[in-house]
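Reading through the structure tokens given below for one structure.
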Amino acid sequence: MSTTTAAGELDAWRALPAAQQPDWDDPDEVRAVTEELSKAPPLVFAGECDQLKDRLAEVVRGEAFVLQGGDCAETFTGSNADAVRNKLKTLLQMAVVLTYAGSVPVVKIGRMAGQFAKPRSKPTETRDGVTLPAYRGDAVNGFEFTPQARRNDPRRLLQAYHCSAVTLNLCRAFTKGGYADLRQVHAWNQDFVAGSPAGQRYERLAGEIDRALAFMKACGADPEEFHGVEFYSSHEALLLEYERALTRIDSRSGLPYDVSAHFVWIGERTRQLDGAHVEFASRIRNPIGVKLGPTTSPDDALALIDRLNPDGEPGRLTFITRMGAGRIREALPPLIEKVAQSGAPVAWICDPMHGNTFEAPSGHKTRRFDDVLDEVAGFFEVHRALGTHPGGIHIEFTGDDVTECVGGGAAIVEDDLHQRYETACDPRLNRGQSLDLAFMVAEMYRDTH
Ligand SMILES: O=C[C@H](O)[C@H](O)COP(=O)(O)O
Ligand SMILES: C=C(OP(=O)(O)O)C(=O)O
């Protein structure tokens, strides 16, 4: 592909309707910012994206399981060492539970280092009779409810890039620099074990892992894989100016990669077949995902495959279903059946968060842990009935002890929500709820295999 052709193709989305794009006041400022971004160093390398594609091909074949998660909306203030470490620690603990109790290799993908933009249901928000533009993520405007903060500011795209770089750098350091060494399984739990049932259950499992490691070492086995983990970054490719500015031609292959993250996905609100997001994603060579909600028809799924993975490359395309606990058992089977009949290689991941949000009487957006669990259970049941592979979960969680979702081992109730409700958008599982979920998913996995 020549560079000129590639540039033309990479910009084809500009002629199409693009949902959920901010109205920027000053096009010259947007141009200046994207120009600067287009010269900025890549955050990830094309070879790493290919490696993730290989891992996701293993998921398609039923040989591995994806754990993808992080904040609903990352924030600039949250891009600090403590918050990133806490999230990563929770992800590592969940992965260990799944790997050990589920006996399956886990592909670890953070919803981290780039998740700074949000699609919204409404363009505005009204509080006490005052209406302002909706918060669209730190990459676009500020969370504070003032006209100044809610102004769309393109310079925030640069800050999103820098916070992504900082976060990814920390993740790389933690996952490769010794912190993710399997011999640290107890250390990840240290600040947690005392009063928490999930922490205590984890501690018992960590003891078993210790013994297994000691046994292997005594047998002379101490593989490299035990001393660090592969970690990949991901976010919704929502702001097309940003994603386009970070798309580069890979010097090895001459092909375009979006170097803002290893994996990017198209959201439920932007997956129109004739829309700009699908067009853009069709041109980049990263592994990509598409969210599928309960109104998706089997023909929609096939058409998305045609557009996004016409060559049937295993690992290239992941469907992230988010049906809702009450819908998954009837909405998912027709999609899987038709896709399986077509022979297209697709990884199926369950997002049990986005179909299960409701508003508590206090006005907090929340989710019931039991609904989250029920959607995952439905996902496993459907795959078991059809003989297909439940390829992973995609969750919104944090490493902190927030009170945003109700239920779980610590039995948070609606009256507790106000105590630590810190999300900038949708409610996240806290650390205990995340670990509870990991144990239960590991059991489901074991029962299916
Ligand atoms: O995270 C997903 C969406 O951005 C979010 O669910 C939209 O929330 P809203 O319906 O409050 O706009
Ligand atoms: C907006 C999101 O989800 P969905 O597109 O499934 O609504 C999200 O994952 O942040």
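Think of each number as a place in line: the chain as shown, counted from 1.
Backbone N, Cα and C atoms are what each Cβ position is placed from, and that goes for glycine too.
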**Fill in**
Listed by TrEMBL with Cys72, His354, Asp426 as binding Mn(2+), from among Glu48, Glu381, Glu396, is Glu396
**Asked** Can you tell which of the binding-site residues Cys72, His354, Glu396, Asp426 lies nearest to Glu268 (phosphoenolpyruvate binding site) in space, using Cα positions?
**Response** His354
**Request:** Report the nearest neighbour of Arg269 (phosphoenolpyruvate binding site) in space among the binding-site residues Cys72, His354, Glu396, Asp426, comparing Cα positions.
**Result:** His354
**Item:** Where the C-beta lies under 6 angstroms from ligand 1, the matching binding-site residues among Cys72, Arg322, Glu396, Asp426
**Value:** Cys72, Asp426
**Message:** Measuring Cβ to any atom of ligand 2 with a strict under-6 Å cutoff, which of the binding-site residues Arg111, Glu268, Glu396, Asp426 qualify?
**Reply:** Glu268
**Message:** Taking only C-alpha atoms and a 10 A limit, tell me which of Arg111, Lys291, Arg322 are near Glu396 (Mn(2+) binding site). These are the binding-site residues.
**Reply:** Arg111
**Request:** According to DSSP, folded down to helix, strand and coil, what is Asp426 (Mn(2+) binding site)?
**Result:** coil
**Asked** Once the DSSP letters are reduced so that anything not helix or strand counts as coil, what is Glu396 (Mn(2+) binding site)?
**Response** strand
